[in-house]
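Engineer: Encoded as structure tokens, here's the structure I'll be asking about.
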Amino acid sequence: MWGRLLLWPLVLGFSLSGGTQTPSVYDESGSTGGGDDSTPSILPAPRGYPGQVCANDSDTLELPDSSRALLLGWVPTRLVPALYGLVLVVGLPANGLALWVLATQAPRLPSTMLLMNLAAADLLLALALPPRIAYHLRGQRWPFGEAACRLATAALYGHMYGSVLLLAAVSLDRYLALVHPLRARALRGRRLALGLCMAAWLMAAALALPLTLQRQTFRLARSDRVLCHDALPLDAQASHWQPAFTCLALLGCFLPLLAMLLCYGATLHTLAASGRRYGHALRLTAVVLASAVAFFVPSNLLLLLHYSDPSPSAWGNLYGAYVPSLALSTLNSCVDPFIYYYVSAEFRDKVRAGLFQRSPGDTVASKASAEGGSRGMGTHSSLLQ
């Protein structure tokens, strides 16, 4: 069921490409801005809905009827804010609690540093969503101004791709610990963990920076709506947005996912060759890898399809499918805490001890149970911490 849910934006995108395609000539009254009836030049397929700047008002964009219908439909105004709301309701407390426990209860290990940064990235992603939820629920009306729009866009993408990069760092740490345990004693130090965290944050910041350099708020023609990032002028696509989002998809998603595939592939092979006593760790590693691929590949594949053909009508309104697929990608921040932290009996015991101020003597039984489970699967919690 989850697989179908995550793949439906791709199906929607291909159905849009065969049906309501973006026309190369706007047939709406005044949409070409003035008396020039010539066909607009073919530009690269746009990141957002293709907007034509009105000749007498540079703050207003005219959209084709097909794009306008998708922009104002139930998917962006109801489904997308519902998905973002789920991330906020589940991801905020789950990641906040996990970060608190990791910072106050967990041992100061290099792997703990990586998991703390992952929890922080997922937490910041959830905190970046309320303005976008308000925007979509208000029927695509952005009330916060241009600067806030740029910051909200950069925060959404920066923290999401920062999470992907940190997931890759965690996979490398797990690879060293399980595939090269002897070498890991020398390599898996605080210096390596700190370097991986700094590299992930700096890369995420560099990828998000171009999202703050171009104007992103425009008024929708024949309405009172001010759009944030959802409709952008065609002439800005090839020069700015195409390279910016191509780099985001390739460097922020597919390259880290490739690293995760290689690291977790080797980890799975090592666990499988070790015997049945690693069965739980084997299944958990497979779930971690599958969730990352399932949540991030559809939206980033749609993003690259935008720029795979020079004609704006080649793929139709793929952006209409990209918006919900992006919202689905943010759901990964809700899943991370449960497959990286709360799956561990030892971590759950630390949560209970922290919440209810239980002394170590009160948790002997639960710790003994966790240790017994660890012996049965080759250190249950060590796979995560």
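Placement of Cβ uses the backbone N, Cα and C atoms for every residue, glycine included.
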Engineer: Is it the case that TYR319 shares a side of the membrane with GLN105, at least as far as the topological domain names in Swiss-Prot go?
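Structural biologist: Checking Swiss-Prot: the two residues are separated by the membrane.
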Engineer: Of the cysteines CYS54, CYS149, CYS334, which is paired with CYS228 in the disulfide recorded by Swiss-Prot?
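Structural biologist: Answer per Swiss-Prot: CYS149.
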Engineer: The transmembrane segment (248-268) vs the transmembrane segment (152-172): three or more C-beta pairs under 8 Å (separation of 6 or more)?
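Structural biologist: Answer yes: the transmembrane segment (248-268) meets the transmembrane segment (152-172) with 3 or more Cβ pairs below 8 Å.
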Engineer: Return the average pLDDT for the topological domain 'Cytoplasmic' (104-108) as a whole number.
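Structural biologist: In the predicted model, the topological domain 'Cytoplasmic' (104-108) has a mean pLDDT of 87.
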Engineer: Just to be sure I understand, if DSSP states are collapsed into helix, strand and coil, how many residues of the topological domain 'Cytoplasmic' (269-283) fall in each?
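Structural biologist: Across the topological domain 'Cytoplasmic' (269-283), DSSP assigns the residues as follows: 12 helix, 0 strand, 3 coil.
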Engineer: How does the topological domain 'Extracellular' (214-247) divide up by DSSP, counting helix, then strand, then coil residues?
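Structural biologist: Across the topological domain 'Extracellular' (214-247), DSSP assigns the residues as follows: 14 helix, 10 strand, 10 coil.
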